[in-house]
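As annotated by TrEMBL, active site applies to 183, 210, 306. The domain 'Response regulatory' annotation in TrEMBL covers 5-122. The domain 'CheB-type methylesterase' feature in TrEMBL is assigned to 171-362. Per TrEMBL, 4-aspartylphosphate is recorded for 56.
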């Protein structure tokens, strides 16, 4: 099998060598070039035609975003960004993902740091995963059109979106909760789903997006600016509100617990699951224990199989409708494929139809 040919782009000689050493150790990866700035990166991209590029954001002579836009215009290929763990770094990384980057790796502390050894495994995994990304979707993202308004509810409701969600034990129709899990390609997918949910949706939405601490807050802020529903980073102990989407904070598992008749967020530092903390499986398993609710579970683009085991647990406990993103629109068809393989998925949908599918169940 041919090796994945990688071009490394970073203005730090130390970082170029470190990343080169990391990637070169893997038998399925071949580093074919090193670029020291943005102009050098564009030149070598054109000459060497790599399979994957690792791209630093802050560089002289064209920054990472500018280089990325050129790549996406000329010959879209998978790009993994390297980002600093600052608010500015997180915001720029989300811009890069919207512009076509497949994924990113956060530098633990500063641009020159031996702490990067901590993310060696993550870097290798994401480069290999990026090499299998759906190229047709890398540069096809568009914000929901201005003329495409949030979907209407199937029936009118008199309850206010901000009303605290209470379980009614003997209510004829069960309360509902939406749970979304995603990883690689997820930020763009979420920007195509959440803005189409109406303000008066009348249910809470829980979201687990694999991201490190700091980045999930920027993601929540960005999504909130695009959506009619409220989008925020989840906080431990807060009561679930209708019409609000809660983004699990990086580094914590997101669970729910009963507080009297209400449901509340519970953030946990229990061990990682499938290499992840935050984990879709943990969220699904926690929600599976909630009684008298219709649960709508959504698994979208992402590498690995997180969410599949949790979906099985959800289906064992109560009424569950499960939606998986199609291979056609997934950047990486790992998590949806694993979910579909459980035979627990009710509907497979393209990303631009997932919001509509959710609303059909509400």
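These residue numbers are counts, starting from 1, taken along the chain as shown.
Each Cβ is built from the backbone N, Cα and C atoms, and glycine gets one as well.
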For this session: Count the other Cβ atoms sitting within 10 Å of the Cβ of residue 56 (4-aspartylphosphate), across every protein chain shown.
Result: 26
Exercise. Near residue 210 (active site), which residues of its chain come within a Cβ-Cβ distance under 8 Å, counting only those 6 or more away in sequence?
Worked result: 182, 183, 184, 186, 276, 278, 302, 306
Problem set entry | C-beta crowding around residue 183 (active site), within 10 angstroms | 26
Seminar exercise, completed: In three-state DSSP terms, residue 56 (4-aspartylphosphate) is classed as strand
